[in-house]
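Asker: Sharing the record's features from TrEMBL:
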{"type": "TRANSMEM", "residues": "7-33", "note": "transmembrane segment"}
{"type": "TRANSMEM", "residues": "39-59", "note": "transmembrane segment"}
{"type": "TRANSMEM", "residues": "80-101", "note": "transmembrane segment"}
{"type": "TRANSMEM", "residues": "107-127", "note": "transmembrane segment"}
{"type": "TRANSMEM", "residues": "139-162", "note": "transmembrane segment"}
{"type": "TRANSMEM", "residues": "168-189", "note": "transmembrane segment"}
{"type": "TRANSMEM", "residues": "209-228", "note": "transmembrane segment"}
{"type": "TRANSMEM", "residues": "240-259", "note": "transmembrane segment"}
{"type": "REGION", "residues": "324-396", "note": "region 'Disordered'"}
Amino acid sequence: MHPVLQVVLSVWPFTNGFLIPVQSAFIIALQNVLGPNSLAWGVFFNHSVIFTVSLCLCFQGPPLSKAFENLRAAVRKDKWELVSCVGGLLSITSIFLGAFVSDQIDFGPAFLVIACGMISLSLLLDWKGWMWATKRKIRVLDLVGAGMTILGTGVFTVTGALRETTKHYSAVSAASFALAFVSGCIFTAQGAVNKRLAHTLGNTFRSSFWAGATGVCILLPIAFGSQPNPCFQCARPSDSWKFMVGVIGLALLLSNMTVPRFLGFSLAAKARVCGNIVGAVILDQFLYELTGKRKAPSPTPVQIAGLVLALLGLIIAIRPPPKVGTERKAVTGGGEETGTGEEEGEHRSSLSEKGLATSHQTEGGNMVGEPSDLEVGGEGEREGEGEGQIQTQTEK
């Protein structure tokens, strides 16, 4: 793709990232209408739209019976596959914490710390290969970038905290920053497990449907428990936009599925998180009236320097390091891989010496065909489908 076209298209995920703090702002604004302790209602409306739309689109791909057969086979093979089913719980936790800490402190500091959590867990997953992530080499440049982002975030948040003299801010800030960091880690984790579930079920919308259904079932009793009498009648016609939080959630979902197809995962991730931070700062300075919050103090030169340092470090750190072993050519009967990541390109593997061949293709996280790694090693689930489909020959 031409570099100029890449720059133009990068505005898409940048806008996507900008909408993430706006989503939290909508949830906070809706709480101001429905009454105190009604934050869960905003998150509920968000997942209701995801649930409804995904239900209409989850029937594409392999038959549902085949999808659940693959899931059962995967769980029988490895009990840790059950973790892929908790993506919905992680999703609602991440969104709720993001809105909660943004309500307690300013959007800028909150989402800067959230970005630090995302980077920290991403580096750990790349290094260890946990949660079905591709194990990658961690370079010095990646560690330097992460250190720059964390240092810049520290300068921005600590300098802002020193300007505040109220006891409330001092008491709440430490816990809120810790929750923001946890929210960023959970955001990264839920992306990994949702991707794994989509790989197993053969359709990304099935994974998002499961996340939406989990959110609706969990959030409804929590919403009634925290605020049993939400003041829907208090909403004026001018407040109707606050109930559109689910549309933003759906837009974020669709963008996350389609952007990597055109830009690749790395560039899309960098543009999205940069938009995340910039959007949070703009909310604090210009759009604070949306949530009924006071205007945040204008950033000092030191805070601006910290913000620039964090963004520069983010651009460096969010770049995926090379996969382990990609510099070595495949041995006889080995695999061949093209593309820039797990969510783009095509991966084919052939074990000719053993007479076993599997192939699958992914586009932006969407499975095309059947997940072949679940068809091998199952315990009798493929019996009766003909001889010679899976053959193993031992050659001495």
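The backbone N, Cα and C atoms fix where each Cβ goes, and this holds for glycine too.
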Asker: Counting Cβ pairs closer than 8 Å, which of 7-33, 39-59, 80-101, 139-162, 209-228 has the most of them with the transmembrane segment (107-127)?
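Answerer: Between the stretches 7-33, 39-59, 80-101, 139-162, 209-228, 139-162 has the largest tally.
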Asker: Restricting to the same chain and to residues at least six past its boundaries, which positions have a Cβ under 8 Å from a Cβ of the transmembrane segment (39-59)?
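Answerer: Hits for the transmembrane segment (39-59): 23, 26-28, 30-31, 88, 91-92, 95-96, 99-100, 103, 203, 205-206, 208-209, 211-213, 215-216, 219-220, 222-223, 226-227, 230, 243, 245-250, 253.
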